[in-house]
Structures are given as structure tokens and as C-alpha cells.
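Asks: Questions regarding the structure given below will be posed in turn.
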Amino acid sequence: MINFNDKEIVVEFQYKPAEIEKKWQQEWITQGLDKTLENSRRQKFYALSMFPYPSGNLHMGHVRNYVITDVIARFKRLQGYSVLHPMGWDAFGLPAENAAIDNGISPEEWTKKNIAKMRQQLQTLGLSIDWEREITTCSPDYYKWTQWLFLKLYRAGLAYQKEATVNWDPIDQTVLANEQVDAEGYSWRSGAKVEKKLLCQWFLKITDYADHLLNDLDTLKGWPESVKLMQENWIGKSLGAYIKFPIKDTEESISVFTTRPDTIHGVTYLVLAPENPLVPKISKSEYKEKIKEFIEEIINESEIERTADNKPLKGIFIGAKVINPFNGEEIPVFIASYVLVDYGTGAVMGVPAHDNRDFKFAKENQLPIKVVVIPKDFDLKETAQSPLEEAYVDTGIIVNSKQFNGMLSEDAKAAVTEYAKKNSIGEAKIQYRLRDWLISRQRYWGCPIPIIHCSNCGSVAIPDSNLPVELPKDVEFTGRGSSPLASLEEWVNVTCPNCGSPAKRETDTMDTFIDSSWYYLRYTDSTNSQEIFNSNKVNYWMPVDQYVGGVEHAILHLLYSRFFTKFLKDQKLIDVSEPFQNLLTQGMVQGITYKNLKTGKYIPLNQVNPENPIDPSTGDVLEVFYEKMSKSKYNGVDPQEVLGKYGADTARMFILFKAPPEKDLEWSSSDVEGQFRFLNRVWRLVRSHIKNRVNIVKNEILTKDEKDLKRFIHTIIKDISQDLEENYQFNTAVAELMKLSNILNDFKDVNSSIYQEGVVTLLILLSPFAPHISEELWHNLGYKESIHLQKWPTVNNEALILDEVTIVIQAMGKTKGTIQAPASVTNDELEKLVRNSETGKRLLDKREIKKIIIVPQKLINFVFVK
Ligand code: ANZ
Ligand code: ZN
């Protein structure tokens, strides 16, 4: 219900895809085509928003996301595409389990309630969503296929188990998710200092696809460069070499990974990661106690803490020495926190002269610093003697390096690597930062991993016919002790499907990122109970033509989805190798924020007078700024409130008008009002047209005013089509709509057929943005069929042509006057016209013309002989 001009009108429009399909089927039958969508040759468009986590409340970020895809979907439909615009729920995850612990409500019940609430909220936005395709990742008919996919990966050797650390709460005796550990490393529940514990867990071998994932970024022309760069850095490909350093007095050696083999002669020490298994083997006994203390101190630090640039580099000597195989020098071996155990070989050759961290470490530990690379323009005589003040990290010319002296770094890298290879002390190596994906979660509310552990057979896949492995229902949630699944004896104990002996179910569930790595495929055939999807259907719809969502998913979600798509392509289940052709990362919705800088507290909007923002409890003047809407900052605007007051159309118009979709949007109630007033103007315009039209006159020959109006209408069609086609500039499109409405308002002859064309065009152009009011007015105009089943207007190029143009007359490049000419004027005709005009006569009198320059429809310039 919307309140327009004090009249309450009920505007109802439910999008019914079946209605559209029925209309098309008629067309196909007459064209002799197959009448199922996927077999028709109709052009498709797949518009997708990142599906929400059902927290229970729709926020403005959601609204913006779904309105953007909805406008695109509606626009494409009007253009004649068959459009897929689905919605679903990313419904597994920790909050449901926390609700169970806190309120005793089952995760399933909690989730279902939230979904119902959010679905209802979404429906008030007027989104043209195909609800028949709705999916919910926590429902067994969805997660059956998640498990099926897991087993595909497992059988392809891409799912495996190995030991990995988890966060362990020693008081509650339970595993914690990363989100449950605060920044200082304490448990959210018990407050205990969280420890690291080794557990056998499941991984997906995404690293097998590292190169593929990296190289194919180039094919994603419709993705923001920034997102591609983030993915590239995450994959982190480094070219370098492994080099082996023999350990003194033993047969063994330590292998290091380096991207700078050209600096091999500058190595003055070697560092192992503290967890490197070599440490206990090679350290000398008198150092063991100190090593133990050191490891205890740093073992619980996160990777970020360990590699932070601003901290002193902690490390100790462990008593061992290695030999540099290139020059026979003996060098000491350290352990240090900045060397990570699971990157490269977990060992680094220290080159303090050419690496910042090594430089710092060498200074702190009084280790020698040896220069082996100098800049190309380096003056040896002047500076050679003075001690280095900082590392020289660039490439350059090699010195102090025997046979490699004088080489450029790039050549020396190759030469050193080749030498290493020839002498069996190393080889070229490509290293990725990307690690395998740890998918095990010791939680209840996730997709069960469909594996049985048998003491005879090892890990056994559950046969496809027994899927899904359903989550048991009667579970108690305490947040303490082993995971809820692990404590359910009757669920855990089973017989081995292979040999029949007693066996145990896997009790880990999957990371919820798995659920969202393939949901866009399931939408294409969401109710299929026989297969994950029909190949005809998935191949018709894929790839997603336009994906829209938050930039916070720029790395993991998108990378995992790309990985799954590539895997499924390799399995010949789908034809595409990239899931999302175009990606739009929408900006944040920001609210006005009041903060007391003295107390650091945020003050709720309703406690502040915007004219005079002071803290009601202290009287301090408040800092006022815009920031992403969030509960903790009390700066959110509830979509329900706005919808209740102005209706969905106004909210949609405001969101689209206020900022381009990829930019942040500052919420402003006066701008919301502005859009409301605009829609009211459209309402009045159309209603008065309906009332005042008596007898629509279609002139054979248009009057000048009609011609001008027609040209204007078609210019707007052209501009808005461009705005929507290229880069989705909705904000300028809305501005054009406002212009058109103003021009129509000023037009006097309401019985002109061109005026009528203008009104009809305005409504159709407006319909993707404000679907309710445009539908209502459309029917008021007398049309039976929905406005959303109409065709997007096409530009009449003839109407764009001006009859007359104003041409600037110049002499020697200086403007002397103007002249009116028919738009179709030829150069010769123009010259004649000008010569006969007053200005022309005056200008050309007694001058000798050297050259005439004409810019058609714009300008004529006479150049004279001097
Ligand atoms: C010697 C050297 C000399 C290095 C020099 C750099 C500059 P990226 O580019 O990120 O791959 N490194 C190797 N393994 C490591 C580990 N497990 N933990 C921490 N650092 C490690 O970085 C590769 C460089 O990072 C390697 O090249 C190594 O230091 C270090 F002038 O080797 B370099
Ligand atoms: Zn068995």
C-alpha cells in the first residue's frame, strides 16, 4: 500500500515467471521451436545476487544488492531475454548453533523462522524473483548434493585428511571457530587463553588448480581489476628455486625456498620455522631447553602476529651449522617466528644485505651483512666502504660472487639455478601462497561429511544411494565438550558399508563456504531429486551473466566457486570453466554516525538533534560522519521503516539514484523524500493525462513542438538504454527519467499522439526501477497485460535527426557569428548559404580565401591568404 497524493492505493504485483513463459511458449510454437525454455533458442540472461545468510533481519546492504539485480533482471526481460533471477539461503553456520546454546531453540527451527521472516521482507521489495527455484543449503534435498559433490572430489583424489591445528578451549574442552577467538586469543565463552591442538581434518586440494585459477583471471573481462588482483595475490605465485645446504658433520641437508637465488653468495645465516621437524633432529643438546621455551612462547601466535613488520624479530641460534654449497662457507642455523612452517620448505636462507626482514634480524643478532648486488649506477669507489644503512632489495649487478660477478640479477638467478641443478644441490621451483582448503568443522550445524571410518578399510565413502547423511535431530547444545555430533553414540556407531564390521561416522561437518561454492548451479534445476542438475538446463543457463554482491567475498567465495566450476568441468558435468562472467561489487550503504570522541562511544540517531549534535549524557560536541550501517554504531536505517512510510518504489528509486552501484551510498532522508516527490509527480502526470485526454490526435505532419518532444523522448530512450547496458549507471538513468517527466509536464498539447507516446515510454522506462507504480498506472491507462511483459522501447533514429542546425562561422579560427542551416546541408550548400548571409558578406569582402574548413553540422572556418 502506498500513499500517493493523500489517496491510499493498493499496488500489488507479484512476479509470475510462469506467465511470461506461457507467453513465450506461444511464440515458440508459432516459430516451430521446442517449447521448453532450455531447448528454445531464446537468449538467456542469468542475474544473480549473492544469497543471504538468514540472520532474521533484512538490512540495507541486502536491499541494495537485490534491488540492483532486480533492475537488471527486469530490464533484460523487457529486452526479450529469458531471465533467471533466483533467491535462496546460505543457511548453515555458527549463529544458529549459538542461538541453540543461548536460547535452547534448535538450529533448524531458528533458521527456518528466520528464513520465513526474511522471505516475507524480501517480498515487500517487489523483486522479480523466481521463488519456485528457492534453495536452502541446510535442507537435505540440497545438502544431499553437497555430499555427493564431496564424494566426487574424494574419488578424484581432491579430498584428503591430514593433521592440522585447531583452536582449543582448555576450560570448555571444545574446539572453537576462528570467530569465537577474540583478537587477544581468548575464548568468547569461557575466557580461557585459547591453545592450538593438532587434529586429523579434511582438506580439499585446491592447490591442484592454482595455475588454472590464476591464468583464467585473464579471461574475466567483466570483473573489477581490484578483485582480480586480490585473487592473484591470494594465489601468490612465486618463481624461485630450492637450494640444499648440507648440515655440517652429517649426511643430511636443509632445503630452502628462495626467490633470489642470485643472492646465494650473500647468505650469512639460515633460519628454520620453529615447528620445522628438523629442529629437534639437528639442534645441539645444550640449546634444547632454550628452544623449548622459545617455542612455547610463540606457538600460539597467529600467522599475522608472527609476520608483523612492526615487531622485533624473535629468534635464537640452535647450535647447528650448515655449509653454503656455492662457496663452502660455514653458516649458523637459527629458528625464528617469522619463518612459517607451511610455506616453501619452512626454511629461509638469510641474506641481510638484500632483504628487509633479514637485515633487521641480522642487526638484532649481530650477524654479518654481505653485499652481493649493487645498483646499475652504483659508484663503487665512493660508497663501497661505508656500512649499509638499509637492505638493497632491488635487482642489479652481482658482485662478490665468484663466477657470477658482473651478471645482471635476472641472469644470475637463472645461472645459479642451473648450477644448482647440475650439481644436484637444487632446482627451479614455482611456489604458491595458496594452501589447500581446510573444510573440517567440529560443529553440528553444517553439512555432514559422508565418510565412515573403519578399522579394516580406513575411510570409506558412503554409497551414493545412501545419501544424504542427515543431521540427527535430538541433540543437546551446551557449547562444551566434544562436538554435538561426536557425542551422539547411536548416530556415530554404524557398520562399515564395505566389510560390515563396526565402524564410526565422520563427525566433522563441512565449512559453509562449500555450500555456497555451487548453489548458482543448483538454481538452474533446483527441484531435481534424481541428479544434481540436468546437464541441458545447467548448460543453458550458465555462466551467470551478472553476479552482484559485497566486496567482502572478493577472495574466498569467488575463488572456491571458480575451483568447483573448474572441477565440475573436468568431470564433464558442465561446459563452462568460469562461473561468473560479469561481477559487480556493490558499495556499502552508509548511515550518518555520531561519535563522542572523548568517550569513544557511538550515540543512537534518535538521541541526537542533527542541527546541534551533542552527547545527551555528557554535553560533548559529537563528531558527525558517514560509515557503513551497523548495529554497534547505531547508524542503521531499518528497511521496514522506509518501506512502511514510502513504499518499495521510493526506496528502490532512492537507492539507485543516490550513487552508482559500485560506490558507497550515503543514506539521506531528504533524498528519499525527493524520490517520493518525483514518483508523486509521475502519478499526477499520468492521472491527469487519463482525465484530460479527449481525443488523441495523430498528426500526419508533426508540429515543431511535437518533433522536439519526439526527439527528446528518443534521446532519453537511447541514453537510458546505454546507462543500463554499459556499467549499470542507474543513477544517471533515474536523472534522465526525471528530465522526461519534467518535459512532459511542460508540454501543453495533451491530446497529441506524441505526448501519449511520451507517457507510455516514461512508464515502461520507469518500470524496472519502480515496478509497482508503473504497473498500476499502466493498467489505469487501460492496458490489460502487465507492463512487465512489454518490450523495451527501441530508438527511432529518424526522430533523433534535427531539422535545423546552428553552425558557427569562423574566420582564421575566430568566431564571427552563427547561421541556421538545414540539418541535411552539404558542404557546398553551406558555403553558398554563408556567402549570401550578412555575416558572410561582411567577412569575405575583398579577402582572398586560401582554405575552407567545415565540421559538418557544427562549424565553417575561412582561412585567408595573408
Ligand atoms: C633469500 C632471499 C634474499 C629472499 C633476498 C628474498 C630476498 P615470496 O615472494 O612471498 O614467495 N621465505 C621463503 N620461505 C619462507 C617461509 N616459510 N617463511 C617466511 N619467509 C620465507 O617470498 C619468498 C621469499 O620469502 C624467499 O626468498 C625467502 O627469502 C622468504 F634478497 O630467500 B628469500
Ligand atoms: Zn570396513
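The backbone N, Cα and C atoms fix where each Cβ goes, glycine too.
The model shown is predicted, which means the values in this text are computed figures rather than measured ones.
Pasting the feature list from TrEMBL:
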BINDING   K631  ATP binding site
DOMAIN    50-183  domain 'Methionyl/Leucyl tRNA synthetase'
DOMAIN    232-420  domain 'Leucyl-tRNA synthetase editing'
DOMAIN    427-590  domain 'Aminoacyl-tRNA synthetase class Ia'
DOMAIN    627-668  domain 'Aminoacyl-tRNA synthetase class Ia'
DOMAIN    711-824  domain 'Methionyl/Valyl/Leucyl/Isoleucyl-tRNA synthetase anticodon-binding'
MOTIF     52-62  motif ''HIGH' region'
MOTIF     628-632  motif ''KMSKS' region'
Asks: What stretch, picked from 50-183, 427-590, 711-824, has the most CB pairs under 8 A with the domain 'Aminoacyl-tRNA synthetase class Ia' (627-668)?
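Replies: Comparing 50-183, 427-590, 711-824 against the domain 'Aminoacyl-tRNA synthetase class Ia' (627-668), the winner is 50-183.
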Asks: Is the motif ''HIGH' region' (52-62) packed against any residues at least 6 beyond its ends, judged by a Cβ distance under 8 Å, and which are they?
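Replies: Here the qualifying positions are 89-91, 93, 95, 111, 113-115, 117-118, 121-122, 550, 588-589, 591, 629, 636-637, 639-640, 667.
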Asks: If you count Cβ pairs under 8 Å, which stretch among 50-183, 232-420, 427-590 touches the domain 'Methionyl/Valyl/Leucyl/Isoleucyl-tRNA synthetase anticodon-binding' (711-824) the most?
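Replies: Of the candidates 50-183, 232-420, 427-590, 50-183 scores highest.
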Asks: Please list the DSSP helix, strand and coil residue counts for the domain 'Methionyl/Valyl/Leucyl/Isoleucyl-tRNA synthetase anticodon-binding' (711-824).
Replies: 63 helix, 18 strand, 33 coil
Asks: Mean pLDDT for the motif ''KMSKS' region' (628-632), rounded to an integer?
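Replies: Mean pLDDT across the motif ''KMSKS' region' (628-632) comes out at 89.
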Asks: For a three-state summary based on DSSP, what are the helix, strand and coil counts in the motif ''HIGH' region' (52-62)?
Replies: 3 helix, 0 strand, 8 coil
Asks: Over all shown protein chains, what is the count of other CB atoms within 10 A of the CB belonging to K631 (ATP binding site)?
Replies: 9
